[in-house]
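Only one structure is covered here, and it is reproduced in the block below.
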Amino acid sequence: MEIITSMLAGILFATGIYNLLQKQMLRIIIGTALLSHGAHLFILTMGKLKRGKPPILVEGVEKYVDPLPQALILTSIVISFGVTSFLLVLAYRASLLNETDNMEELRGSDYE
Amino acid sequence: MLIAVFLPLIFACLIPFLSKWKQKVHTGWFVLPIPFSIFLFLILKVGKQFSPISQSYNWIPSLDINFDLYLDGLGLLFGLLISGIGTLVVLYSIYYLHKTEQLGHFYVYLLMFMAAMLGVVFSDNVYALYSFWELTSFSSFLLIGYWNHRSGSRYGALKSMLITVFGGLSLLAGLILLTIVTDTTSIQSMIDQKDTIMNSPYFGWILGFVFLGAFTKSAQFPFHIWLPDAMEAPTPVSAYLHSATMVKAGIFLVARFLPILSLSEWFFVVVSGIGIITLCWGSFMAVRQTDLKGILAFSTISQLGMIMSMLGFGTDAAIFAAVFHILNHATFKGSLFMVAGIVDHETGTRDIRKLGGLMTFMPITATLALFGTFSMAGVPLPFLNGFYSKEMFFKYSLELGEYSGIAQGLATAIPFLAVLGSIFTFVYSMYLVFGTFRGEYKKEELPQKPHEAPIGMLISPIILVIGIIVIGLFPHLVNGSFLAHAAEAISGHESHKHISFWHGFVTPLFMSLAVVGLGTLLVLTRKRWNSIYNVIPGKLSFNRVYDWLVDRTERFSSKITKTYMTGSLKLYVQLILIAIIFGTISMIVITNGINLDATDLAKIRLPELLVVGMMVLASIATIFTNNRIAAILILGVVGYGLSILFVLYRAPDLALTQLIIETVTVALFLLVFMHLPKLEKRNESKGSIFMNAAISISFGGMMTLVGISSYTSKWFDPISDYFLETSKSLGGGSNVVNVILVDMRGLDTLFEIAVLGIAALGIYGMIKLRRKKEAK
């Protein structure tokens, strides 16, 4: 199963990158969201899948899933949520101010 | 001795205060005692029973970098030249520079240069030597660019800086190699370890680097091009730096390291070969110049070439002759520069085509020039010092030893080349003196009516010319007590040579006579062969090479930068990704990283497969949809799919968070989407689509590979057992993930909260704060 989820993470990465390389700003944000999904899945997969019960201690259960990757992913989800929402508002402001969302047209004003 | 070296530097700090009174007293008067006292200090050391003095002062002892000073005959000769001519130049500059100039700057730079030059010749530590060496380049840069409002000055200063610093850096490389090979930073102990150096594999490199340093500084072919452009400096500077001191630093370097450098059989070929080429080329080019200082600049180049080639001969006698000529050249070239400065000062031009017939107006200057030029040309008059050194040059060029191969060819050619170069030296010397002071007087072309210079300006050149004659008449005065020590310091063994006053009708004398004869012939027929200059330097001029190089470097680097710094974010992302992919894949290949081990995998189940399949479809669909809402919703599908996977893989907290966050994100997307422009299809070329696809697919593939191979090569057990065991006993909770988040690794959570807070503040700021212009 880990091989399949690795491949899924790879596909998420690939589509994320492809979106990142587009010109529209919205697509770039979608790309970053896909990339963070890929990364989370990747961390989960690397921590081994399905090796016991959920990591909530119950009497009599011997084997639990590795809790550390879960904690890491939880942190990461929150952070990527913060960044994504910031990006979204940034894109909103940028496209409003510059009247374009085409990344190829957005260049520094001091560019010669 | 340390005081002698640093006195000018210390005094330079006081100059700004002293120059406030410059309207009353010319700042130069304050400066004058400095070089003079150093000169007195050094002249007291001259004598028959001279023995080297060495002193050491700590600087960075842990790195073996100290101010090790070493005063031997060679250092003494240069020290006397620097301080003596320094005194005369300061005196001359008092009358040359007007009080309205920025005198403070001038004397600060000049004193800085003086200290640096003294440091170079007295240093025994290679790193101290290098520090002073660069300080000479730097202060010379400031002095050349003294009149920085002129573009010529700036060009000349930059050119000399680029070339000498290039040489200086390669010298540093050579010195570092020497330190590594010998494990000492003292020059004298390096010379004691000759054999170690010769047998080391770096010997060739050391030679090359040190030669580069010496040749660029001493304006040897083809690095001579900076010297003529340095003539934009005020004339006292040209007289001091570019005739007597700085340009001899390279010669000093070759002389100082001669015991090491001459271990190689290439020493003769490189030093003498380059020297003789410089001699011929410099004197040939000097004839072409129309500016007085231009002639003198090329003449300096050619004379330096002569000294260099004498050093290259390597015999004791030739080294003595080189030392003798260093002294002679400093006297007559210094006086000639000062004469040129006087002519410029009193007539307003240095263009020799406008000058002529000044003899009657400036009799004293003309006399001085006559002595200077005749000595420079080596005219066979036994009261001029230049004649002796030229005779010695001819004599030793005939006495070269037996060589093989190229060296033998060079040894045979040198006497002829020497005569050739001397003929041109004679031609430009005569042209210089007769073109300026004889001929017809062109009244209309002169900006000012010429008249004799003030006596103060004449003192320095008069002293130098007296030096020419005294050395010419009584060469033994400077010989035994002074020059012999210098020659001994270079070659390492004692050699007491006599400068023959009259040596009979021997070959060198006939060579001199031939020079005079042919030279006179060429001077008289100059107009007929002058057009040769349109052909020979022509396109081969090294200035063109330099300009082309500088121009090309600028254009080429800006072209390269423009190819990748296009301002397009997409291109940068592509470059970054390609670098990551390339690096990772090559690393995997090099370390043979792929090892598939399928023993430790979880079972594949249908529900999981279905979710995975849905996510794959959804993620691919984000690429193809052109509808904003559809794209957002499909992204939501991926997110919810992921949270289902979290459920299936026993991560309840994750699933919960992912669900909520995905919902909020989708809501956010939907909130702003009204304001975002439509996802219109941008026309992309097929190449660019292919490029993007290739990059993203290979990146995804790479990550898959990395995942699989790192998963299947687990080296040690996870540390999670500790968390599971102690969650309840230490953390007091049974939800292990939560205990980790707030208890065991609570710091992460703290800053994650900070991240969210900052994001919220940022969003608030972006929405609320407007520039005033927009607010209207």
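Every residue gets a Cβ built from N, Cα and C, even glycine.
Remember, TrEMBL labels are computer predictions, not curated facts.
According to TrEMBL, the protein has these features:
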TRANSMEM  B:69-94  transmembrane segment
TRANSMEM  B:106-123  transmembrane segment
DOMAIN    B:123-410  domain 'NADH:quinone oxidoreductase/Mrp antiporter transmembrane'
TRANSMEM  B:130-149  transmembrane segment
TRANSMEM  B:161-181  transmembrane segment
TRANSMEM  B:266-287  transmembrane segment
TRANSMEM  B:360-383  transmembrane segment
TRANSMEM  B:403-434  transmembrane segment
TRANSMEM  B:571-594  transmembrane segment
DOMAIN    B:614-678  domain 'MrpA C-terminal/MbhD'
TRANSMEM  B:631-649  transmembrane segment
TRANSMEM  B:655-677  transmembrane segment
TRANSMEM  B:689-711  transmembrane segment
DOMAIN    B:693-769  domain 'MrpA C-terminal/MbhE'
TRANSMEM  B:749-767  transmembrane segment
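According to DSSP, the secondary structure content of the domain 'MrpA C-terminal/MbhD' (B:614-678) in residues is 54 helix, 0 strand, 11 coil. The average pLDDT computed over the domain 'MrpA C-terminal/MbhE' (B:693-769) stands at 87. Residue counts of the domain 'MrpA C-terminal/MbhE' (B:693-769) by helix, strand and coil are 63 helix, 1 strand, 13 coil (DSSP-based). Remote same-chain residues near the transmembrane segment (B:106-123) are listed as 1, 4-9, 11-12, 15-16, 19, 27-28, 30-31, 34-35, 38, 67-71, 74-75, 78-79, 82-83, 86, 89-90, 93, 97, 129, 131-133, 135-136, 138-140, 142-143, 146, 187, 234, 236-237, 240-241, 245-246, 249, 252 (criterion: CB distance under 8 Å, separation of at least six residues from the stretch ends). Long-range Cβ contacts of the transmembrane segment (B:571-594) within its own chain (Cβ-Cβ under 8 Å, at least 6 residues beyond either end) map to 564, 691-692, 695, 698-699, 702, 705-706, 708-709. Long-range contacts of the transmembrane segment (B:749-767) within the same chain: residues 741-742, each at least 6 residues beyond the stretch ends and with a Cβ under 8 Å from a Cβ of the stretch. In summary, the transmembrane segment (B:403-434) lies against the transmembrane segment (B:266-287): three or more C-beta pairs, each 6 or more positions apart in sequence, are under 8 Å.
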